[in-house]
Amino acid sequence: MFYKYNAWDPKLIIGQILSIQCLYYILLAGILYLLDSMFSSSLSLEQMFEYQSINTHSQSGRVVMTAFLINSLFGSFCLKYIVERSKKCLDHSATVTFIHFIIVWIVSGFPKTVVWWAIQLIGMVIMAMIGEYLCMRKELMDIPLQRGKDLDSTPITIPPSPHTSSPIMNPKNNSNGNSGSNNNNNNIFSNSINSSGGSSSSINSIGNSNNPYQPIELEILTHQDKQDEHDD
């Protein structure tokens, strides 16, 4: 229920304590009702909150002892579904026992019988140990990966990039670049720059105009070279 919450959250911790404490008393009342019905005992709140009710020399006292021990088993399942952390089970078990001790102290005074203390400590240990075992098994359960497999099998469409049309980025175009360059050598880009002194330079790029990464051959003709070619 609260497994995904790992950060310190006082409201969450208080909610867990109250939930476990309420379930502890609800389950204890239900167990006492069943046992009292079986052994013809009278159900009362004194069985829960008076330390004198737990004793070994009367049938009602033994019924209350049995009810507290059985309730510790059910309390461990409360830890499994509410706490869900094995390292926190002992803390919550001790908290439940301490709160019950405070309530009993307020209702009937400070507990003075060894039997009451023994039953409470044994119940706390049972609740903590079984709760840790159940929570540990839940923590070690395999995570279902069916949804992850479905997501992995979904095809992902990647929009084409403007650079994919480049011959260097595209292996098919790159393999045909050499053959296409021989057929497109007639595409010549010329740029003439006239200087202020009347001399001019002509830059001719010969290559594949469709391949921007093709090596460019430069031919620089000065004004004197052009005059020599004209005389020849």
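Every residue, even glycine, has its Cβ placed from backbone N, Cα and C.
According to Swiss-Prot, the protein has these features:
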type	residues	note
TRANSMEM	12-32	transmembrane segment
TRANSMEM	63-83	transmembrane segment
TRANSMEM	90-110	transmembrane segment
TRANSMEM	114-134	transmembrane segment
REGION	151-232	region 'Disordered'
COMPBIAS	163-211	compositional bias 'Low complexity'
COMPBIAS	220-232	compositional bias 'Basic and acidic residues'
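Listed as Cβ neighbours of the transmembrane segment (114-134) (distance under 8 Å, sequence separation of 6 or more from its ends, same chain) are residues 51, 54-56, 65, 68-69, 71-73, 75-80, 83, 86-87, 89-90, 92-94, 96-97, 100-101, 104. Within its own chain, the transmembrane segment (63-83) is flanked in space by residues 1-2, 16, 19-20, 23-24, 27-28, 31-32, 35-36, 39, 41, 47, 53-54, 56, 89, 92-93, 96, 115, 119-120, 122-124, 126-131, 133-135, 138, which lie at least six positions past its ends and keep a Cβ under 8 Å from the stretch.
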